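In what follows, a single structure is set out as structure tokens and then discussed.
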Amino acid sequence: MSFSSLPTEIQSLLFLTFLTIYLVTLMGNCLIILVTLADPMLHSPMYFFLRNLSFLEIGFNLVIVPKMLGTLLAQDTTISFLGCATQMYFFFFFGVAECFLLATMAYDRYVAICSPLHYPVIMNQRTRAKLAAASWFPGFPVATVQTTWLFSFPFCGTNKVNHFFCDSPPVLRLVCADTALFEIYAIIGTILVVMIPCLLISCSYTRIAAAILKIPSAKGKNKAFSTCSSHLLVVSLFYISLSLTYFRPKSNNSPEGKKLLSLSYTVMTPMLNPIIYSLRNNEVKNALSRTVSKALALRNCIP
């Protein structure tokens with residue numbers, strides 16, 4: 001159903017707004033990937049994980065936003081049964097992977113600040129590849145079990161999904177069978193997927209805070225904190241919006257309210273991540289400046 005209940009003029013305005021956000025998201029995350037690959041100064045583990053995050057954000061956006069834009073533009077709100085299942089599968093996959101990748105990035109910051117002399121040895125190329133793989137992997141079983149189980153139920157009656165993408169709760173309302181066991185699994189699974197990375201992040205930043213407080217100089221404290229501030233801001237945006245969407249009481253969980261909250265982590269957060277990492281990180285800004293200068297110099301050299 002997306003935003004079909006709104007007047008056509010409002011839907012046109014939403015289309016232009018979401019298209020702009022989508023293009024900014026794609027360009028911002030692609031720029032992060034290209035700059036961190038092109039500049040040798042950004043070949044550290046921190047930017048390796050940042051590239052992974054940008055890949056995730058691009059995939060997350062591709063799963064949801066193009067279909068939403070098509071719905072707003074063409075007023076065609078239909079989606080096939082297989083298309084709905086595919087969209088849900090990759091939504092779960094990228095969402096779960098992002099939760100664990102944010103925890104991995106927190107661990108990377110913990111090692112960098114608490115064991116700076118051993119950081120290159122601990123976070124060597126093999127270790128960071130394993131950590132990245134461990135972050136991506138949990139998305140496969142979670143997405144496979146949840147999507148396969150949900151779409152094995154019989155559907156009857158209305159076929160209207162009151163959302164702008166095929167999320168589990170609105171699709172579950174269309175099932176005409178006993179879903180109690182599935183709902184228990186979904187609640188436990190969501191809590192584990194959200195809470196385990198959240199606890200790992202909390203533990204990492206507790207140790208980081210203790211280490212920063214031991215630094216004698218204010219300049220040293222500010223430098224140490226600045227390496228974590230971007231990640232902390234991204235984590236806060238992602239987890240606050242995710243928690244408000246999935247852990248609110250059902251009495252306060254209206255479909256329209258959930259749509260607005262879902263926009264925050266499906267549309268807004270992927271756009272803000274590259275902006276946060278670019279504006280709050282001098283290394284990225286300097287690397288971007290160097291990359292642009294090299295590109296312009298190369299262009300001037302070509303006859």
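Every residue, even glycine, has its Cβ placed from backbone N, Cα and C.
What TrEMBL records for 28-277 is domain 'G-protein coupled receptors family 1 profile'.
Only residues 6 or more beyond the boundaries of the transmembrane segment (12-37), in the same chain, are considered here, and those with a CB under 8 A from a CB of the stretch are 3, 6, 43, 47-48, 50-51, 54-55, 57-58, 61, 65-66, 68-69, 72-73, 267-268, 270-271, 273-275, 277-278, 284, 287-288, 291. If you look up TrEMBL, you'll see 12-37 (among others) marked as transmembrane segment.
Same-chain residues lying 6 or more positions outside the transmembrane segment (49-69) and placing a CB less than 8 Å from one of its CB atoms are 2, 15, 18-19, 22, 25-26, 29-30, 32-33, 36-37, 79, 87, 90-91, 94-95, 97-98, 101-102, 104-105, 108, 128, 131-132, 135-136, 164-165, 234, 266-267, 269-270, 273-274, 277. The transmembrane segment annotation in TrEMBL covers 49-69 (among others).
Residues or ranges marked as transmembrane segment by TrEMBL: 89-110 (among others). Residues 45-46, 49-50, 52-53, 56-57, 59-60, 63-64, 123, 128, 131-132, 134-136, 138-140, 142-144, 146-147, 165-168, 193-194, 196-198, 200-201, 204-205, 207-208, 227-228, 231, 234-235, 238 of the same chain lie 6 or more positions beyond the ends of the transmembrane segment (89-110) yet place their CB under 8 Å from a CB of it.
If you look up TrEMBL, you'll see 131-151 (among others) marked as transmembrane segment.
According to TrEMBL, the transmembrane segment annotation covers 184-203 (among others). Tertiary proximity for the transmembrane segment (184-203) is limited to same-chain residues at least six positions away from its ends with a CB under 8 Å from its CB atoms, namely 96, 99-100, 102-103, 106-107, 138, 142, 145-146, 149, 168, 235, 239, 242-243, 246.
As annotated by TrEMBL, transmembrane segment applies to 224-248 (among others). With a threshold of 8 Å between CB atoms, the same-chain residues lying at least 6 positions outside the transmembrane segment (224-248) that come near it are 46, 53, 98, 102, 105-106, 109, 112-113, 190, 194, 198, 201, 205, 208, 211-212, 215, 258, 261-262, 264-265, 268-269, 272-273, 276-277, 280-281.
TrEMBL lists 260-279 (among others) with the feature transmembrane segment.
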